[in-house]
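A short worksheet on the structure shown next.
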Amino acid sequence: MQRLMMLLATSGACLGLLAVAAVAAAGANPAQRDTHSLLPTHRRQKRDWIWNQMHIDEEKNTSLPHHVGKIKSSVSRKNAKYLLKGEYVGKVFRVDAETGDVFAIERLDRENISEYHLTAVIVDKDTGENLETPSSFTIKVHDVNDNWPVFTHRLFNASVPESSAVGTSVISVTAVDADDPTVGDHASVMYQILKGKEYFAIDNSGRIITITKSLDREKQARYEIVVEARDAQGLRGDSGTATVLVTLQDINDNFPFFTQTKYTFVVPEDTRVGTSVGSLFVEDPDEPQNRMTKYSILRGDYQDAFTIETNPAHNEGIIKPMKPLDYEYIQQYSFIVEATDPTIDLRYMSPPAGNRAQVIINITDVDEPPIFQQPFYHFQLKENQKKPLIGTVLAMDPDAARHSIGYSIRRTSDKGQFFRVTKKGDIYNEKELDREVYPWYNLTVEAKELDSTGTPTGKESIVQVHIEVLDENDNAPEFAKPYQPKVCENAVHGQLVLQISAIDKDITPRNVKFKFILNTENNFTLTDNHDNTANITVKYGQFDREHTKVHFLPVVISDNGMPSRTGTSTLTVAVCKCNEQGEFTFCEDMAAQVGVSIQAVVAILLCILTITVITLLIFLRRRLRKQARAHGKSVPEIHEQLVTYDEEGGGEMDTTSYDVSVLNSVRRGGAKPPRPALDARPSLYAQVQKPPRHAPGAHGGPGEMAAMIEVKKDEADHDGDGPPYDTLHIYGYEGSESIAESLSSLGTDSSDSDVDYDFLNDWGPRFKMLAELYGSDPREELLY
């Protein structure tokens, strides 16, 4: 078999060499080949071009121009001229017009343009007419291996999990060779790692893989790989290398360990359950997202006393009490804690020795408030009992001092004023309780810590006390609702008037039975239905409205409680007129049906009369006091309250009070003593020497009044012991040239001097003041 295979390979090689030789021979003289292939036969052929494409190698090293090929027709003419048309004519190619030879006038690069499409034209030199139809042809540029591979990026970034298995793909890089991939190995690329080959390898496809499983992010987080690309002939250049940066992805492959072996905390005993009392810190080389530390208490008797929660933000362990701390019970807690990571497979890794630590928690004493023995109290009490012991609450001081405790009921409690609590915590009711009024009472009892003197220390606790009032059969049955029965005056025997039912304010059991009895003899019959209802029917029939319009039926209702209670409820039955169909046509008004009692009417009238008498007494008392004050005033006091209405200005200043004793003394000539003042000394104006009186026939004028005022003013100004007199009033002069003249009562010397006012004395005591004011001649009584 081996010999057969070798024979076949040798035969194939020989055939290949023969084919290459044939191609070379054909290409050595293409023009000649074309010419021979297109020689005319015995029959006449149409003239036509004898070529279709040309070939040339890129980047020839010979001098320009480079001969590409030759264009010619099957029929030669001496006056023929060859032309080229196309985009690259004159720039890249030209043609010899006489011979048809095509030349490249610049070096060609296949990587830029691999084919050129031109048009060949043959024309007559003289006329310029086309001798042949223009023909398009192609010039193909043959590739040579003149380019080296170039990476698509100079820098690649990749990542791979740490501790990955050997052969794990990291990244694929690509380098591109611009040469023709169809020609030999011109475009084939080969890769190799120049830097980082200790940890990574690359295959010919550009895929980089790991060759070791000892990649540890905690030791080295990044790796730099330099990759080289070259073609099959070994062409390399500056662009033939690239850098790959490989970042190791962290995995949770490290156990946490404590930063110290012993933690000590001091915690007050009043620390609330669930609050932090301390924190435990560990180190974990992994990245934060892979730090999943779990803390647990290993040894000790206090596993149920504390819990350790993990704070994800800082990976710390927060110690929290699970039940209240009590210094009087335990002063110190000591236990061992362990920090582990449950996501790490313990089959491949074992935790380090530093993942355990000792925790010591010292409890400090705090003055705590009293503690009740129960979270709440529930007591029961029968209603209508007179101040029995309801129950006892008890609180104790949890501290070692064991202070005494005082109790009180908060006044904000529900009806707390009905109860009291003693120093021992006994609760009593202050009044009888009625379940039908309040079936439940909710009290808040305070327990206050007292010092040796009995003064509260400020520490207090409260507890809720629920008092349930138990029912007794202390209420008689009554109608279930108000009834307003009616009956026709022509009602017949046995006619149903009303069905009644009863209720009881007490708690009624399911077997409660009410018994109904009609207690009086009348025209009605009561029939007990034995289902807690009863029927009222007409006994004889035919009522007389003229005699009785309303009938009162006292119904006695009793229950079967222990003891039994009996009550009487009255039905007010109105006798109405009815038509033939038995429909009510006229009944008495509601007031008559209800039948307001005489006692109620008398009570209402007495209330109205009492209110009226009280109102009259108040009015008369105020009036008598007003009259007493009016009659008890002296003449100067009356003068002090007189208001003059002929002043044209001043507003309310006209009613300013002033001491009129001075004017009175002037008017009386000093004979009448002035009104006593608080000061024993007489008024300043009473001490002033008065001007001499005028003759009886003389008349005082404004000038004399002004002179007197000036004298008084000077004396007041020079009197250092007297109070200032800042307000001066002139009443005798009210202006000049007034048509109505003066209306003032003080200026009557010129208007009513001849009027006799003695008749005022005959008008009685009500005009006594006017008689004193006007009963004498003003010119003799007053001095202006």
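Including glycine, each Cβ sits where the backbone N, Cα and C put it.
Here Swiss-Prot flags Glu58, Glu111, Asp143, Val144, Asp146, Asp179 as Ca(2+) 2 binding site, drawing on similarity to another entry. Per Swiss-Prot, Ca(2+) 1 binding site is recorded for Glu58, Glu59, Asp109, Glu111, Asp146. Sequence annotations record features per position, and here Swiss-Prot assigns Ca(2+) 3 binding site to Asn145, Asn147, Asp177, Asp179, His186, Asp231. The domain 'Cadherin 2' annotation in Swiss-Prot covers 152-258. Sequence annotations record features per position, and here Swiss-Prot assigns domain 'Cadherin 3' to 259-372 based on sequence analysis. Residues annotated as region 'Required for interaction with PALS1' in Swiss-Prot, with similarity to another entry given as evidence: 621-660. As annotated by Swiss-Prot, topological domain 'Cytoplasmic' applies to 621-784, with the evidence given as sequence analysis.
Feature map: Swiss-Prot annotations on the structure.
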{"residue": "Glu58", "record": "Ca(2+) 2 binding site", "DSSP (3 states)": "coil"}
{"residue": "Asp109", "record": "Ca(2+) 1 binding site", "DSSP (3 states)": "coil"}
{"residue": "Val144", "record": "Ca(2+) 2 binding site", "DSSP (3 states)": "coil"}
{"residue": "Asp177", "record": "Ca(2+) 3 binding site", "DSSP (3 states)": "coil"}
{"residue": "His186", "record": "Ca(2+) 3 binding site", "DSSP (3 states)": "coil"}
{"residue": "Asp231", "record": "Ca(2+) 3 binding site", "DSSP (3 states)": "strand"}
Is any of the binding-site residues Glu58, Glu59, Asp109, Glu111, Val144 within 10 Å of His186 (Ca(2+) 3 binding site) (Cα-Cα), and if so, which, in sequence order?
Val144
Give me the non-local Cβ neighbours of Val144 (Ca(2+) 2 binding site): same chain, 6+ apart in sequence, Cβ-Cβ under 8 Å, ordered along the sequence.
Asp57, Glu58, Glu59, Arg110, Asp179, His186
From the Cα of Asp109 (Ca(2+) 1 binding site) across to the Cα of Asn147 (Ca(2+) 3 binding site), what is the distance in angstrom?
11
Between Glu58, Glu59, Asp177, which of the binding-site residues has the fewest other CB atoms within 10 angstroms in the structure shown?
Glu59
Using a 10 Å radius around each Cβ and all protein chains in view, which of these binding-site residues has the most neighbours: Asp109, Asp179?
Asp179
Check the binding-site residues Glu111, Asp231 for other C-beta atoms within 10 angstroms of each C-beta and report the one with the most.
Asp231
Over the region 'Required for interaction with PALS1' (621-660), work out the mean pLDDT and round it to an integer.
57
His186 (Ca(2+) 3 binding site) has how many other Cβ neighbours within 10 Å of its own Cβ?
20
Let me check the 10 A CB neighbour count of Asn147 (Ca(2+) 3 binding site). How many other CB atoms are there?
21
Whole-number Å distance between the CA of Glu111 (Ca(2+) 2 binding site) and the CA of Asp177 (Ca(2+) 3 binding site)?
10
